[in-house]
Protein chains: 2
Amino acid sequence: MRIGIVGATGAVGQETIQVLKDRRFPVTELHLFASERSAGKTTETAFGPVTIEAFSVEATRAMDIVFLAVSGDFAKEFAHAISSPGGAIVIDNSSAFRYDDAVPLVVPEINGRRALGQTLIANPNCTTAILLMALAPLHAEVGVKRAIVSTYQAASGAGAEGMTELAAGAREFLAGQPVTASKFAHPLAFNLIPHIDSFQDNGYTREEMKVLWETRKIMEAPEVLLSCTAVRVPTMRAHAEAVTIETLRPITPAAARAVLAEAAGVQVVDDPAAKLYPMPLTASTKYDVEVGRIRESLVFGDTGLDFFVCGDQLLKGAALNTVQIAEILI
Amino acid sequence: MRIGIVGATGAVGQETIQVLKDRRFPVTELHLFASERSAGKTTETAFGPVTIEAFSVEATRAMDIVFLAVSGDFAKEFAHAISSPGGAIVIDNSSAFRYDDAVPLVVPEINGRRALGQTLIANPNCTTAILLMALAPLHAEVGVKRAIVSTYQAASGAGAEGMTELAAGAREFLAGQPVTASKFAHPLAFNLIPHIDSFQDNGYTREEMKVLWETRKIMEAPEVLLSCTAVRVPTMRAHAEAVTIETLRPITPAAARAVLAEAAGVQVVDDPAAKLYPMPLTASTKYDVEVGRIRESLVFGDTGLDFFVCGDQLLKGAALNTVQIAEILI
């Protein structure tokens, strides 16, 4: 298949190339599109050297599948033009179409069938995708009434430049110098920033609201209540989330572990005695989302659970999920 | 007053000396006690050079007030011997006596009167003390029914060696070397560890249970439900906590801000438009606990709030609170 990646030089674009290779996606042609600045440069990829092309609607329409690893504004401007009849299938990693009723929002393990026959498919927010790997199987089992989510989000959520800024900031901090910040609202090294995306009138950030909106859409559960606090933390590329849920029907931690052990894309890492629980150290560069610290909630009793999830932000939070969507379509 | 500090060379011991000086505590004699290894060495302090003494019950009994900045095992063995009739008042920073009905557990702004007339007083866990600066005033106003707490705990919770290990680990990580760990269960630099203190049979760590047990004791509210996930994060000395509460009576975010603005020891930092919210960067070395991101909970409606707190672990979480207890007694 002719595959196009728009935003190929970014962190997600780069991971997408690698995931296509690792999963032996049937790529017959790989076209990498980026800004005029990068066009003409040749880059080494898992598929061999590829010369980067300047983006055009015409060139991308000639592909079979186009991955958009670009901003929401860019996606809004071009996604329909690329995917209209006679064009390519577009899988968009931005938030541009996630809340558009006409566009499916897909996590393959949960609602993959929604992608079938579609020419424009939205990939969820990284925090939502990672959360739902654990939440959706539990919802299917006992029904989730309320979820309280506190996130520990890595620098990669702000792209390759986010990771670079964190490393540079850590060096500055350790050298006793002031830490500079441009990708983040404040210095991130050795700090926490409870501010991701823009603030809404209700006091929540858009990042926090995305988790609610997208959870409801993907799980097809508009009745679920969810409150999120999204915090940027000084880790590189794996998001973690502390989750408390109230369920409609009782469930024991052992039963929850059994449900999650059967769930595709989930690895139950829950053996405290052996110091095994989800962590960025172990979840980074891993396809599966780690779930552990599963225990009965002390506030909701036997209709409640507390647990901790950790997943690679660039993989299940982005590139892996988009490639899995593409796999459904071929 | 004759003041003794046992564990004077540790991070909390060092902060206690500085806080006594900064708050102009009436120190007439300052005696620093530490292990045999440190005894005889002279250390520079805010009160001038002091020669460290080897600990003995007899020497500490001769003080007016003794701060114990040592392990729970040490406190259990010696606290009663130091504070028995004719001895000194002991303020213990360990967990040894926190759950002893005969020993008050005190955050001065909340239940300072419990310290009056006592000769042995326990200082709460750092996470609890920082949480309660916000939770207790809200509980007094509208009653807290349920609280869900996710923590972001700094390396200083493991003492000076914890901070040293984090800095060393960050250097190793940035140099592309394996990160070593001895104070923490796993490498902390650029990682998150959802494991603080030992695991209990119910799947919660002792650190997580402390927040429940101590909240109930300090607020004198055995009916409060609280579930905590305690996570060590790669920050130096300020703990943060994402908190969701369900209240007995309705409260608006504006009303909560007004309550907290009046609360002693609290600084409301809650102006998202100006990028002002609680962060380790701003809360470190500050006496007041920062509270912000105050908004109506999306899971509990008008009887619920979400908020974020951040406070210096070595100050309100330890040294400052113990000195404030001493201030009540003089």
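Keep in mind that glycine also has a Cβ here, set from the backbone N, Cα and C atoms.
Any TrEMBL annotation is an automated prediction that lacks curation.
Feature annotations, courtesy of TrEMBL:
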ACT_SITE  A:C126  active site, acyl-thioester intermediate
ACT_SITE  A:H239  active site, proton acceptor
BINDING   A:T9, A:G10, A:A11, A:V12, A:R37, A:S38, A:S156, A:G157, A:P178, A:Q313  NADP(+) binding site
BINDING   A:R98  phosphate binding site
BINDING   A:Q153, A:R232  substrate binding site
DOMAIN    A:2-118  domain 'Semialdehyde dehydrogenase NAD-binding'
Tally of DSSP helical, extended and coil residues in the domain 'Semialdehyde dehydrogenase NAD-binding' (A:2-118): 37 helix, 30 strand, 50 coil
For A:Q153 (substrate binding site), the three-state class that DSSP assigns: strand
Candidate with sparsest Cβ neighbourhood (10 Å radius) among A:R37, A:R232, A:H239, the listed recorded positions: A:R37
Which of A:A11, A:C126, the listed recorded positions, has fewest other Cβ atoms within 10 Å: A:A11
Pairwise CA distance, A:Q153 (substrate binding site) versus A:P178 (NADP(+) binding site), rounded so that it is a whole Å: 23
Fewest Cβ neighbours within 10 Å, where candidates are the binding-site residues A:T9, A:S156: A:T9
Three-state secondary structure, which DSSP defines for A:P178 (NADP(+) binding site): coil
Proximal but sequence-remote residues of the same chain as A:P178 (NADP(+) binding site) (Cβ under 8 Å, at least 6 apart): A:E172
Inter-residue C-alpha distance, A:R232 (substrate binding site) and A:H239 (active site, proton acceptor) (nearest angstrom): 9
Proximal but sequence-remote residues of the same chain as A:R98 (phosphate binding site) (Cβ under 8 Å, at least 6 apart): A:L105, A:A122, A:P124, A:N125, A:K210, A:W213, A:E214, A:K217
Number of other Cβ atoms within 10 Å of the Cβ of A:Q153 (substrate binding site) across all protein chains: 24
